[in-house]
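Student: When I checked TrEMBL for this same protein, it listed these features:
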| type | residues | note |
| --- | --- | --- |
| DOMAIN | 36-290 | domain 'G-protein coupled receptors family 1 profile' |
| TRANSMEM | 20-42 | transmembrane segment |
| TRANSMEM | 54-81 | transmembrane segment |
| TRANSMEM | 93-112 | transmembrane segment |
| TRANSMEM | 133-154 | transmembrane segment |
| TRANSMEM | 180-202 | transmembrane segment |
| TRANSMEM | 229-250 | transmembrane segment |
| TRANSMEM | 270-293 | transmembrane segment |
Amino acid sequence: MLTLTSTFEVTDLDHLAITSVLGVLLSIMCIVGVTGNVYTLVVMCQWMRTAGSMYVYIVNLALADLVYLSTIPSIVCTYFAKEWYFGDVGCRLILSLDLLTMHASIFTLTVMSTERYLAVVKPFDTVKRSRSYHKALTGAVWILSVFLTLPLMFAMEFQKDDHQDKWICKWTWSGETYRIYITVLFATSIVAPGIIIGYLYIRLARTYWVSQTSTVVSKDVRRTPNQKVLYMIFSIVLTYWACFLPFWVWQLVRHYCNCASQLSDSKHTYINFVVTLLSYSNSCINPFLYTLLSKNYQEYLKNRQRLAGLMSGRNGSVRHRMSRLRNMSQRSVSSFIPNGPRLTWSTDMWTHKGRSKTFLRTSYLQSSNTRLKEQNKKTYRGQHINKYKHCTFIHTST
């Protein structure tokens, strides 16, 4: 994202090398991010369509990241040319789209964190919600993002800079109005979502730790928590803050602290360079953090490879084998299914794959009945089973 300055004008660079490095890194991010998000969309839409609420949110996140990354070419062009070549429409649309999709991505991450937390603490309530509910929630995310971005669209203006004889995107609001707007964006896109995400994942980590350590494997041995789950939780929270916090802190510093004005133009350029890369890097990391490095995706690949051999076999029709392949792939997405008195966890912590409430209760009751039968066996130790031919007699000894 171009730094939100009063003129959106690119500062003169001391060396061409810094411009080249910025262009190369942003181009690499664009290629990696677009490839990862497109592949995520293909996998989710073709094979994991029944992955419950996470399907809707991951698809929405991938779309937001794709649009966000699509603004990189205009950023690279502006850095090299030191002038805005996309006209008044591009001035209002591209920069607003940049901010819009960043907000949509952040809000989607917040909703996903909330859904994951509720899937753990209230699994039966989670499965009640239909896919229409999740789609409506994602729609609300985009509406809120548009609402926060509209002021930027109307405040930008395509003008010619008389000092440098170049066309630039200029901010038409006063300094005080711009400062208030930046503060509101910082509170809505960083502080509030960051606190929610951090709090929920800390609670998830605590719940997971208690669930694992309270499970007795043997008489003197307790279950050891899977460190991968804790690392994943830590990575999600750290990635969010590391990617977005520097950009917005720099915006506030430039408009609230006089120390920023004491920095040289070259230092301003270097800081803008770093915070721009960090803000775009989140859209490159999301496909790996939420999909491609998840346990469910690895199981999906294993099942697909295992069943790929069936496609060339002689038994069964091609349609039947394709159906089995899809069913096996979709089964790998399930998670958080009650298993006895505790929950089953996976490293990526996806929610139910559309399991019905009746199924979940039946699974829990079946496990409870099994434990009750084991207790009855210990109570009635006096029973003997005598087998005679094909008949079985059960009597109670005196």
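Glycine residues also receive a Cβ, built from the backbone N, Cα and C atoms like all the rest.
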Student: Who are the chain neighbours of the transmembrane segment (229-250) in space, where the CB to CB distance is under 8 Å and they lie at least 6 residues beyond its ends?
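Tutor: 1, 3, 102, 106, 109, 113, 182, 185-186, 189-190, 193-194, 197-198, 201-202, 204-205, 208-209, 271-272, 274-276, 278-279, 281-282, 285, 289, 345-349.
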Student: At a Cβ cut-off of 8 Å, and with pairs 6 or more apart in sequence only, do we get at least 3 pairs between the transmembrane segment (54-81) and the transmembrane segment (180-202), yes or no?
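Tutor: The transmembrane segment (180-202) and the transmembrane segment (54-81): touching, no.
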Student: Tally Cβ pairs under 8 Å between the transmembrane segment (93-112) and each listed stretch (20-42, 133-154, 180-202), then give the stretch with the top tally.
Tutor: 133-154
Student: Taking every residue in the domain 'G-protein coupled receptors family 1 profile' (36-290), what is their average pLDDT?
Tutor: 82
